[in-house]
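So the structure is just underneath, and the comments pick up after that.
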Amino acid sequence: MSTKPKFSHVVFQTAQGEAMRNWYSTVLDGHVVFSDEVLSFVTYDEEHHRIALIHPPMEMDRKTETTAAAHHTAYTFANIDDLIARYELLRDQDILPEVCICHGITTSIYYKDPDGNFVELQIDTFENPDDATAYMEGPYYEEDSVGPAFDPEELIEKRREGMTEQQLGDRETWRNSGLGNPLEVLMGPR
Ligand SMILES: [Fe+2]
């Protein structure tokens, strides 16, 4: 049997070191562990660095919507109320999501960092990963592998009215949200 490494960090090459450092520290409620002219390390948990930035003082090309590159990083909260709390904290600092999607396996809020990389804040719908896998193998994913968009303020309202985390994570709850195809936000209009 082979040993399994654990995922440790992600590194972005950026021409906006300060803006990116501040944004990731705010969104992930983290802090800068190290920073010099070339490198910055940010963490928010037990790892010594989770997000690193390489920002040598030089011109760089910006990623476009059609650049084949890493699309997003994702961070999982313990429950819907923690996810809502982070959304509200960021909203009140004018950091607003690009799109929110009820994937079925996760309830996800997508932001764009200052460079245009997406960041997904999410909760798992299923406690057991095997149940999430079974869901992906079922009819919902066969019909639509993305899921419907939802309005985060509506989600908060429904939560206040007593909807459970499971109901809020059910695609049926958002089937008629009328918010269009979320993939157009994630990938740009085709
Ligand atoms: Fe994701």
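Placement of Cβ uses the backbone N, Cα and C atoms for every residue, glycine included.
Residues or ranges marked as compositional bias 'Basic and acidic residues' in TrEMBL: 161-174. Sequence-remote contacts of a segment are chain residues at least 6 beyond its ends whose Cβ falls under 8 Å from one of its Cβ atoms, and for the compositional bias 'Basic and acidic residues' (161-174) they are 79-80, 102, 104, 106-107, 123, 125, 140, 147-150, 155.
In the domain 'VOC' (6-124), helix, strand and coil residues by DSSP number 23 helix, 41 strand, 55 coil. Residues or ranges marked as domain 'VOC' by TrEMBL: 6-124.
For 161-190, the entry in TrEMBL reads region 'Disordered'.
DSSP places the residues of the region 'Disordered' (161-190) in helix, strand and coil in these numbers: 14 helix, 0 strand, 16 coil. Confidence annotation: the domain 'VOC' (6-124) carries a mean pLDDT of 97 in the model.
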